[in-house]
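Step one of this worksheet: look at the structure below.
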Amino acid sequence: MATATIALQVNGQQGGGSEPAAAAAVVAAGDKWKPPQGTDSIKMENGQSTAAKLGLPPLTPEQQEALQKAKKYAMEQSIKSVLVKQTIAHQQQQLTNLQMAAVTMGFGDPLSPLQSMAAQRQRALAIMCRVYVGSIYYELGEDTIRQAFAPFGPIKSIDMSWDSVTMKHKGFAFVEYEVPEAAQLALEQMNSVMLGGRNIKVGRPSNIGQAQPIIDQLAEEARAFNRIYVASVHQDLSDDDIKSVFEAFGKIKSCTLARDPTTGKHKGYGFIEYEKAQSSQDAVSSMNLFDLGGQYLRVGKAVTPPMPLLTPATPGGLPPAAAVAAAAATAKITAQEAVAGAAVLGTLGTPGLVSPALTLAQPLGTLPQAVMAAQAPGVITGVTPARPPIPVTIPSVGVVNPILASPPTLGLLEPKKEKEEEELFPESERPEMLSEQEHMSISGSSARHMVMQKLLRKQESTVMVLRNMVDPKDIDDDLEGEVTEECGKFGAVNRVIIYQEKQGEEEDAEIIVKIFVEFSIASETHKAIQALNGRWFAGRKVVAEVYDQERFDNSDLSA
């Protein structure tokens, strides 16, 4: 079946204008396009023509769904573009205000020196966020490096040099973090660590020399604050949980986890400031590599002072929700203006799919296909579409101020939740809820114990793993559909993953097949396990078990 496309031309050049505006224009124009009247035929890309008198055929459900996704993607790109522009404008305004204040205080003409100093500090911060990793085993890939260095903080990028002849990397890489403290911890704790049978070398980039005076100045300024950096924080822990654990070492002035402005969830790291320097030293020496909820905390001294001027802030001091709403309105107006301009300057081809800018980029809000765990070699042969959307954000540059957006409130859900709790538990037998525990005043070892108990109350898994069901030679294109159809008898199947796991590095090593089935709710998972466990399939006795939800969500299929 031939695919219809929309071609947007501006001033005779295809794809003119900014990508978000053009994308929004194409989508909006596709809704308003009507077939021309009095035309004998419309020439398609494949050379065929269709009678205009008969009109265009209605869009299929798949095409309508694709169009809706394109609209959503175009709007998200427009909002993102507007937010970036607003952030840049706000930072420029802050710099201008600082310059004007310097003039008022009698510092002479500070424009050029101040701009130069700000640029030097930004370059120094960028260098401080990067570490060099050498002596990497040639069979190790970017995923393995990311997994090894991720506990120290969010990674912005990994740059590996590849040999175009051998198609293998050259044995070194550069890892860039969001904050300098993450890079400093990685430098201290990863040098000479065994990775892939080799002791890797971790150090600073070679161009750090020119920025060393600025780095020393930042470190000196940081000593005035008794701040520590905490990374690898469990996702289920809150600011108060971390504060209750760390206040055993002294009185805390502030404890804030950096949050994603889109989801409201913390990014796994934050900063704690004590009133006394000794408290911060004790916390670093005692809590580094402390096992909290199955994750080893990474704790170190902050190497930069708090710098709100270098932190991307919402325009005009607006709350994040208000800034996004303002950006959405701006993006909508931009899209309308783009449509109006396209109606005058551009010509439209046959309606159908969207421009290449929308088809080549992955739409926001889609879950990437699961990948195999780095420590367990294997091959994934089938993945069905996943259900929940994952928001995508642009990582900020420089030192991130952890005081960001707070999580969205769930006030509308509370009455329903309380009603369900009353039905499930009589008042005399009702367990103590987490919301009540969060307001308890605890510290020290008691705090650590309470936090661990909180983490033990995990969400039930919705994932079932089928073992000993098929041999690798029995895998074909129909297997995934057959499993989906069979498991659909027990509930809504979100996706099926067929995973082949090699039991060693040898070429003739045994390969076992695991089939992962994700349901919508945990009760459906248990229902399927009861029906399928011990059942015979093609002469093999199937083993059906619950699979750890956190492992599955992290694409770890090796258990």
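Using the three backbone atoms N, Cα and C, a Cβ is placed for every residue, glycine included.
Keep in mind it's a predicted model, so treat the numbers as computed, not measured.
Between the listed residues K156, K267, K458, K502, Swiss-Prot assigns SUMO2 cross-link to K458, with no corresponding entry for the rest in that record. Residues K85, K251, K301 are shown; Swiss-Prot lists N6-acetyllysine for one of them, K251. In Swiss-Prot, the feature SUMO2 cross-link is attached to one residue out of K69, K80, K527, namely K80. Looking at S112, S406, Swiss-Prot tags one of them with phosphoserine, and that residue is S112. Put simply, K251 (N6-acetyllysine) is 40 Å from K80 (SUMO2 cross-link) when counted between their Cα atoms.
For the region 'Inhibits homodimerization' (1-516), the mean pLDDT of the prediction comes to 70. Just so you know, the Cβ of K251 (N6-acetyllysine) picks up 9 other Cβ atoms within 10 Å once every protein chain is counted.
Break the domain 'RRM 2' (226-304) down by DSSP state and the numbers are 22 helix, 30 strand, 27 coil. DSSP assigns K80 (SUMO2 cross-link) to a helix in the three-state reduction.
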